[in-house]
Amino acid sequence: MVFSVQLSIQQINGSSIYQYLWSWTINNDFSLEFGYLIDPLTSIMLMLITTVGILVLIYSDGSLEFRDLFQTANNWIPNNGTTSLLTTLCAFLLFLGAVAKSAQFPLHVWLPDAMEGPTPISALIHAATMVAAGIFLLARLLPLFISLPLIMTFISLVGTITLFLGATLALAQRDIKRTLAYSTMSQLGYMMLALGIGSYQAALFHLITHAYSKALLFLGSGSIIHSMEPLVGYSPDKSQNMALMGGLRKYKTHIICPRFSIMLY
């Protein structure tokens, strides 16, 4: 919080925040430098979201401990009381944040478009960073949601729709990275369904195991894309098109892994 305020003060004073760290590649006149640059919008949003958000949360609840937050929420749920509507609304808004963050139906359209970046970045996005945050948030707040059966049913419904929709859309894709993106969407639907039925252990276990497998799949797809580029050109429409791939039969990989080799014929 103090760091965000200090950055904002420096931006207001008009001093640009840039720090050179090292040069990665130096070749004649070409040099690829590494560093960081904090623009004015970033520093202002950092102050608003971090500082103001934390202060509002402390002022409203008096604590940042999950245990205290759950106790406050339980006090809002008397027997057939009117304030239970407020708790349901708060839980629903928290769930909407997780829906957008974890690419759940109907806020899933951004995930395939995020595949335009480098493949290692896509591996990080799908393994342990962006899309995992919504699932982890719901797992941490599950004691709040369990006390609201209507919200739990809604979570299960959204997860069920997402897992079927993601799997169906993945079957209709030719771009290898978009196929993996929709596969991630479907797997996140399974995690959401597990949370909806109250099994946070299964959801977190699947979250961890999926992170390993999907990161390796994306890194492997990047290797395939690079090997395709000298053959079909350096256009993503061709090098990432699975209809132009195949031929693993002559490398005898079907002996080791017949199921996946048949899929790539």
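Here the Cβ of each residue, glycine as well, is placed from N, Cα and C on the backbone.
What TrEMBL records for 51-262 is domain 'NADH:quinone oxidoreductase/Mrp antiporter transmembrane'.
If you look up TrEMBL, you'll see 41-60 (among others) marked as transmembrane segment.
The annotation transmembrane segment is assigned in TrEMBL to 80-100 (among others).
For the transmembrane segment (121-139), the residues of the chain that approach it from at least six positions outside its boundaries are 94-95, 97-104, 111, 114-115, 145, 155, 177, 180-181, 184, 188, 191-192, 195, 200, 203-204, 207, 210-212, 214-215, 218-219, 222, judged by C-beta separation under 8 angstroms. According to TrEMBL, the feature transmembrane segment maps to 121-139 (among others).
What TrEMBL lists as transmembrane segment is 145-167 (among others).
Per TrEMBL, transmembrane segment is recorded for 188-209 (among others).
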| What else in the chain is close to the transmembrane segment (80-100), if you only count residues 6 or more beyond its ends and a Cβ gap under 8 Å? | 73, 107, 134-135, 137-138, 141, 144-145, 147-148, 150-151, 154-155, 158
